[in-house]
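Copied from TrEMBL, the annotated features are:
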type	residues	note
BINDING	Gly16, Leu17, Ala18, Val19, Met20, Gly21, Asn39, Arg40, Thr41, Val83, Lys84, Ala85, Asn111	NADP(+) binding site
BINDING	Asn111, Ser137, Gly138, Gly139, His195, Asn196, Tyr200, Lys270, Arg297, Arg460, His466	substrate binding site
DOMAIN	188-482	domain '6-phosphogluconate dehydrogenase C-terminal'
ACT_SITE	Lys192	active site, proton acceptor
ACT_SITE	Glu199	active site, proton donor
Amino acid sequence: KKMASPSKPTRIGLAGLAVMGQNLALNIAEKGFPISVYNRTTSKVDETVERAKKEGDLPLFGFHDPESFVNSIQKPRVIIMLVKAGAPVDQTIKTLSAYLEKGDCIIDGGNEWYENTERREKAMAELGLLYLGMGVSGGEEGARNGPSLMPGGSFEAYKNIEDILVKVAAQVPDSGPCVTYIGKGGSGNFVKMVHNGIEYGDMQLIAEAYDVLKSVGKLSNEELHSVFSEWNKGELLSFLIEITADIFGIKDDKGEGYLVDKVLDKTGMKGTGKWTVQQAADLSVAAPTIASSLDSRFLSGLKEERVEAAKVFRSGGFGDVLTNQEVDKAQLIDDVRQALYASKICSYAQGMNLIRAKSVEKGWDLKLGELARIWKGGCIIRAIFLDRIKKAYDRNADLANLLVDPEFAKEIIERQSAWRRVVCLAINSGISTPGMSSSLAYFDSYRRERLPANLVQAQRDYFGAHTYERTDVEGSFHTEWFKIARQSKN
């Protein structure tokens, strides 16, 4: 069948029509930008054209072959790719660049490893083509109605498409569209990767709050639904708290009770969380909350082993929860809310420090306050809380750590006793709260003038002659610890 073709060239092209690609294409068309779409499997093209008709006769035009797709777009051409990261991206670039001309631009909207984007940007530049790696967050819903967009790479390419991105991105009253030019090279991908790492931390902290309330507080799903709905009206107002409240309200369609209780406790992952933790280690930035959320996903995968371990320890008098302590429900709910908020500050502090360390290493000059602003809408970690972060960087662009911003410091001080109560209660009840505990340990290490690291340095010098510095005299020192110790034993 003959497809409708545009009477004049379209404004932009999009290649790759899985869920995200389809939704982003329809969003662009709905904002009034005629768009050409292409997919290797042509049935996806027809499906997208159908949807465009159904969803309001949107100016979207489908193409079954790459050449006519590329030729239908106005020059300098801009094409967004939404295909799986890795080899499929290189394949798509190869297919499209055969028909592109100098000055045209390709944008990768996938979760790509930032160094791949930098490699491709260089290769494209040699052909006279522009390239952007653009993080897109918000899932299918965000892609369709307004995502958070994190474009990095060629500034010239960004300028060619800014008018579209500004309209397509989520719009937040008082702070504008959730898009900004992030910076050079792979910075857009890097920022999206850390966004996903922070998202891991958030999800883990919420899961721990749920575990403590359910296992120790004995809250029912109805109660959890109302607690999370209530939390979503205050300082924790966010997409993840909102969907969590929704989840507790949904009944099982295949049997009795609630669906959440039937979901298998094994977490999947795509890899961006792992990359974040690896980068933290490479940059010597402590990110224990994010790391503990990754570890928790690994442990969740050992379902069969955990079932066996539960048997071993049950015979030793361990139930799932160790003590049946009487708890004051209202107090517990309030404490957990405060512990969740304080832990979250630590998690975001770690993510921001990681972005800053990379920015310094690469000379990207990233603006942390601006990142907080574009995350306020559209993306998975969108939250009222991000406005506080933006303001913290507005007050002091060189803030060493979010924890020492006067506002956040005050909030942590107010919440620390509730936070400690929750972690102690969890420990005494045999409930693991790795995210909350590692956030607390991070805070407790960061706020101490003196840590026991002096002992570790002494040990390193004892067995490896690694030398040490002193608190009272400049310079490096080495002591013959072993000889002195042996003499005093004789």
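Heads up, the Cβ atoms here are built off N, Cα and C, so glycines get one too.
It should be emphasised that the depicted structure is a prediction, and the values quoted were computed from it without experimental measurement.
Feature map: annotations from TrEMBL on the structure.
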residue: Asn39; record: NADP(+) binding site; contacts (Cβ under 8 Å, 6+ apart): Ala15, Gly16, Leu17, Gly21, Val45, Thr48
residue: Thr41; record: NADP(+) binding site; contacts (Cβ under 8 Å, 6+ apart): none
residue: Lys84; record: NADP(+) binding site; contacts (Cβ under 8 Å, 6+ apart): Gly110
residue: Asn111; record: NADP(+) binding site; contacts (Cβ under 8 Å, 6+ apart): Ala85, Gly135, Asn189, Lys192, Met193, Asn196, Lys270, Gly271, Thr272
residue: His195; record: substrate binding site; contacts (Cβ under 8 Å, 6+ apart): Gly135, Ser137, Met150, Gly351, Trp375, Cys379, Ile380, Ile381
residue: Glu199; record: active site, proton donor; contacts (Cβ under 8 Å, 6+ apart): Leu240, Gly273, Ile380, Ile381
residue: Tyr200; record: substrate binding site; contacts (Cβ under 8 Å, 6+ apart): Gly273, Thr276, Ile290, Ser293, Leu294, Arg297
residue: His466; record: substrate binding site; contacts (Cβ under 8 Å, 6+ apart): Gln457, Arg460
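For the pair formed by Gly138 (substrate binding site) and Met20 (NADP(+) binding site), distance between Cα atoms is given as 10 Å, rounded to the nearest Å. Every protein chain considered, the tally of other Cβ atoms within 10 Å of the Cβ of Ala18 (NADP(+) binding site) stands at 14. Around the Cβ of Met20 (NADP(+) binding site), the same chain contributes Leu82, Gly109, Val136, Glu140, Ala143, each under 8 angstroms and 6 or more positions distant in sequence. The Cβ of Arg297 has fewer other Cβ atoms within 10 Å than any other of the recorded positions Lys192, Arg297. Across the annotated binding residues for substrate (Asn111, Ser137, Gly138, Gly139, His195, Asn196, Tyr200, Lys270, Arg297, Arg460, His466), the two most widely spaced Cα atoms sit 49 Å apart.
When Cβ atoms from all protein chains are considered, those within 10 Å of Gly138 (substrate binding site) total 25, not counting its own. Every protein chain shown contributes to the tally, and the Cβ of Gly16 (NADP(+) binding site) ends up with 26 other Cβ atoms within 10 Å.
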